[in-house]
Amino acid sequence: MNGGQAHQRFGMQIPKFQSQSHHPHPAQQAHHHAHHNQASHSINHQHNFSSGALAAATPHFTPGPLQNGAHVNVDEDIDETMNEHWQQQLQLAAESRQASSPHYYARTVAQQTKGIQIAPSQPESQENGSGDRNGLVKSKPAPRQGWHALDFGGQGLRALATSLFHYTFLEKLYLNHNKLKTLPPAIGQLRKLTHLDLSSNDISELPEEIGMLTSLKQLLLFDNNIRTLPFEMGYLYRLEMLGIEGNPLNDVLKSQIIKEGTKALVRYLREEMPVHLPPPDRDWIILDETASSSNSPTEKITVLSHNALCDSSATPSHFGYTPSRVLSWEFRRELILSELRSHDSDIICLQEIDQGSYNGFFREQLAYNDYKGVYWPRGRAMGMQEEEAKSVDGCATFFKGSKFILLDKQMINFGQTAVRRPDAKGQDDIYNRLWQKDHIAVVIFLENRLTGSRFIVVNAHLYWDPAFKDVKLIQTAILMEEITKLSEKYAKFPPCTDKTAFRFSEAEVEYASGDQIPLFMCGDFNSAPGSAAYNLVAHGRLTESHPDLEKRLYGNLSRVGMTHPFKLKSAYNSIGELSFTNYTPDFKDILDYIWYTSNTLHVSALLGEVDKEYLQKVPGFPNFHFPSDHVALFAEFTVKGKKGKVVEADFGPQRN
């Protein structure tokens, strides 16, 4: 459907089936989904339709007499109380049984739209301010699609062509009054469906992939032979009407829907969902066999970054498809800890860790694995009562204590740093848009105890809202400015002599300039490849005329542009980036990165993709095996030859 107009164009012609790629939504939708009113008593909706024949594409296309047209009475012992839920069920079932003629719904719409002039559809706003913490810059807009519904009702179809499932733009699909015995698993590809009518067929079971249709609001299955429902239907958290009358449904499920309605049944299936088999381990992709070898003399360092999804953000309104026990912090934190321990990374950067979880769980647990930590909460924690401040999330960075010495630690509050700039005076947007956001970055400066190499490690979390792409860009610019200042300061740090336990360490390195110090910049940047924030980091400069600034006033950053001196690359750019780092029903894209300075470091191995077959039945994270809506990034690096003066190590008094 395009917009909210009462009547839409009805297209009688259907183009030949061909592969059609899925086009992402212009911007991530909000995870907040209010409980809507129950569905209308009528299923004669107005929308764009195509009802052309599928004879050439569908096997056994044989229009014929209707099947399963009669009402089936089962489970007479169940009290079918005439409450509002069951009244609506019976009314919709009666309407469905009257819709047995070929293309009934398409013809109905055609009659209703005769003589009505169609107003041009309004383009969707590209700056949608509503949403949750994981929104981001707009995706590429989808080409205009003139129709969004197909009506193959009353055609006597015995099978469905695979080509049908390439029409991923479909929002409504009518397959009622046919002779279908099964529904192909490929139905899970039609993830934009809001209405699916399979009434009056001979279907005995639904595939698990039905759970992928998380946009469904109406699923009509009247007069089939369905005895049970897959637990994956618990993912259908937007479903308002499940039409199940006329099926020999088992007593437990039927009792649920009769007494409490569709949403209660979906909730029951979700909460009773058994633990699925875990996916295969993500591949360890070796990019440099020589450097990654355990026998290699080169200095290696591993880095992991993960947005852990803090407890306060993991609400049922945001993640309605996730069982409550899986969404609980007690369950998810154990999964996170298990993954951190399994990778045993030298450096760990976590975002969205609240103070209570850092102090009361991760710092203590990871200490058993030789980790020391540095943590700062976001700015809002200042001024709060101690107990209240525990729920404020922030950034936690851990490092192996036996391998590194902590030389310095800093916190960058983007908003506060911006208002302290000399050029901030009179720049309203700094105060009205940027200062109000309390996002931060944590910076630590480390020295390798054995080699003397030093590293700057940045752990950042940027603002999410796609309507504030200028804010994300300026946050990135301020981050790069502050790292530049710190790196120059760190280049002048004296050699570390407090290494008595490692008297045979190599000589310390004195770096000639800040951009010669190896730098890792990890985090959730809430910015996709190609965005302004991404381009600033990757290319080192961005002009003052960039459209993402929208001519807003940010001092010299919007007057003369933005630059930084570092030669930064995304670790995963070596494989063309992952398919996604954030995975939910409405949004899949890349938000998280491990950036590194390519003049000082070389990426030698990476943790690969989540198994694609596993994802065919999983509409979104978190779930039983992935504790956050973000996936962890993990990479191995080698340190390139050091540049700068070498200062001899202090080995203490020597005996003759």
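Every residue gets a Cβ built from N, Cα and C, even glycine.
Now, the feature entries from Swiss-Prot:
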- 18-42: region 'Disordered' (REGION)
- 22-38: compositional bias 'Basic residues' (COMPBIAS)
- 116-141: region 'Disordered' (REGION)
- 116-131: compositional bias 'Polar residues' (COMPBIAS)
- 169-190: repeat 'LRR 1' (REPEAT)
- 192-213: repeat 'LRR 2' (REPEAT)
- 215-236: repeat 'LRR 3' (REPEAT)
- 238-259: repeat 'LRR 4' (REPEAT)
- E352: Mg(2+) binding site (BINDING)
Here the 10 Å Cβ neighbour count for the residue listed as 'Mg(2+) binding site' comes out at 24
Write out how many residues of the repeat 'LRR 3' (215-236) are helix, how many strand and how many coil, based on DSSP. 5 helix, 3 strand, 14 coil
In three-state terms from DSSP, label E352 (Mg(2+) binding site) for me. strand
Could you tell me how many residues in the repeat 'LRR 2' (192-213) are helical, how many are strand and how many are coil under DSSP? 5 helix, 3 strand, 14 coil
Could you break down the residues of the repeat 'LRR 1' (169-190) into DSSP helix, strand and coil, giving a count for each? 5 helix, 3 strand, 14 coil
